Amino acid sequence: MAENAIDWDILSSYAGLVTLAATSIYAGSFGSLVPAKRKAADGTVIEDEDEDEEIPDRLSSGDAWLFPIIGSVVLFGLYLVVKYLGKEWINWFLQWYFTIVGVGSVSKPLISLVKRTIGLQRWRKFHNHKLEITSGSREVMKLSMRTPSFVLVLLGALPSILYNFGPKSTRRSALLTDILSLSFAHNALSLLKLDSFKTGCVLLSGLFIYDIWWVFGTEVMLKVATTLDVPIKLLWAKSLTFSTERGFTMLGLGDVVIPGMFVALALRYDYHRASQGSPVASFSKPYFTVALTAYVSGLLTTMTVMHVFKAGQPALLYLSPACIFSFLATAVVRGELKSAWEWSDDPESSSEKKDDDAAVAKPEVDESKEGQTAGVNGQTVIEVDGVQHPAQDKVLKRQTWRDT
């Protein structure tokens with residue numbers, strides 16, 4: 001190949017990775033968007049009994065400051081384990097861990113995809129199996145699944161099984177690696193949320209320094225990344241025909257999830273601006289659009305520098321400033337910097353005043369009686385078809401499903 005000829009195989013791998021990463025962030029951002037609850041005419045909230053909402057973990061500014069420190073400790077710990085104890089047992093442990101976690105990670109977006117494909121009305125025609133376990137007035141566990149979900153969970157287990165225990169042709173394949181990695185990224189973006197733009201800027205700034213130090217300053221990042229054989233990276237073959245002879249272009253999952261959390265926050269802020277507490281079907285997305293565009297631009301810059309200098313690059317070196325400046329520029333241009341910076345994506349803090357006002361008019365409830373209503377003398381109970389069954393000695397003897 002001539003020295004100045006365009007290497008279309010390499011360019012196609014870059015384009016493929018950018019597409020995978022951007023699509024993952026786009027889908028994960030909407031997965032993190034929890035629309036405002038619908039309200040009845042009397043103002044009461046209409047609960048959706050079709051699904052059990054998973055409570056997301058929210059990162060505060062304090063968490064953001066600690067994130068690079070904890071990440072450094074974990075990374076260096078893995079490096080020491082690999083260097084002095086060998087990679088075999090840590091890869092064995094992670095293999096089983098990601099096999100188990102992968103089942104839920106793949107099945108969750110698969111269920112969402114099927115639900116959106118057939119429509120919510122058709123989906124709700126299937127039986128909804130519910131399991132509710134309480135202890136006194138406290139809810140221990142609540143789970144509901146439509147009938148097709150059981151089949152989809154089994155299908156969701158296939159990528160993990162084939163990746164770790166399948167035939168040689170599928171084991172550790174790039175396709176299965178991408179399926180599992182994209183599923184992990186989607187769930188991380190849906191359930192791990194930044195509570196404000198301030199937290200996002202602190203997190204990206206800290207990891208900006210973290211990435212530079214561990215990539216350029218030491219061999220630690222490279223050693224760990226090339227030793228651990230786990231699906232926490234995106235791969236794309238360096239070939240227009242997907243031949244694996246030239247190897248793969250790789251993007252670490254952290255370079256998708258970390259800036260993706262910031263992009264998802266921008267989408268939630270756009271929704272907040274448009275909804276103001278009431279559900280809306282569509283809304284303008286200036287912050288989200290600019291943030292996602294900045295992410296793609298930062299990733300393209302990373303790959304350009306990597307291609308020109310023929311050396312791996314810490315992607316957050318380019319992605320962190322791109323995301324931060326995209327937010328600041330958008331907020332300044334729109335004259336919303338103060339309000340955007342002070343906004344908190346924490347439903348509890350935003351509803352404190354409403355709760356305080358409601359508490360004034362709320363009648364007192366005898367908690368002792370309430371506990372007896374929800375349970376049987378404080379015992380753990382399983383509710384089946386509206387009938388409460390005490391679990392003797394507070395030990396759950398069985399789990400019973402209820403069709404609704």
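Placement of Cβ uses the backbone N, Cα and C atoms for every residue, glycine included.
As recorded in TrEMBL, the features of this protein are as follows:
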type	residues	note
COMPBIAS	350-370	compositional bias 'Basic and acidic residues'
REGION	343-388	region 'Disordered'
TRANSMEM	12-34	transmembrane segment
TRANSMEM	64-82	transmembrane segment
TRANSMEM	94-114	transmembrane segment
TRANSMEM	147-166	transmembrane segment
TRANSMEM	199-216	transmembrane segment
TRANSMEM	248-267	transmembrane segment
TRANSMEM	287-309	transmembrane segment
TRANSMEM	315-333	transmembrane segment
In terms of Cβ proximity under 8 Å, which residues at least six beyond the ends of the transmembrane segment (248-267) contact it? 10, 13-14, 16-17, 20-21, 24-25, 28-30, 32-33, 59, 174, 181, 184-185, 188-189, 192-194, 196-197, 200, 203-204, 207, 225, 232-238, 285, 287-288, 290-292, 295, 298-299, 315-316, 319-320, 322-324, 327, 345
Stretch-level contact, the transmembrane segment (287-309) and the transmembrane segment (199-216), CB cutoff 8 A, at least 3 pairs: no
Against the transmembrane segment (64-82), which of these stretches has the most C-beta pairs under 8 Å: 12-34, 199-216, 315-333? 199-216
In terms of Cβ proximity under 8 Å, which residues at least six beyond the ends of the transmembrane segment (199-216) contact it? 59-61, 63-65, 67-68, 71-72, 75, 222, 258-259, 261-262, 265, 312-317, 319-321, 323-324, 327
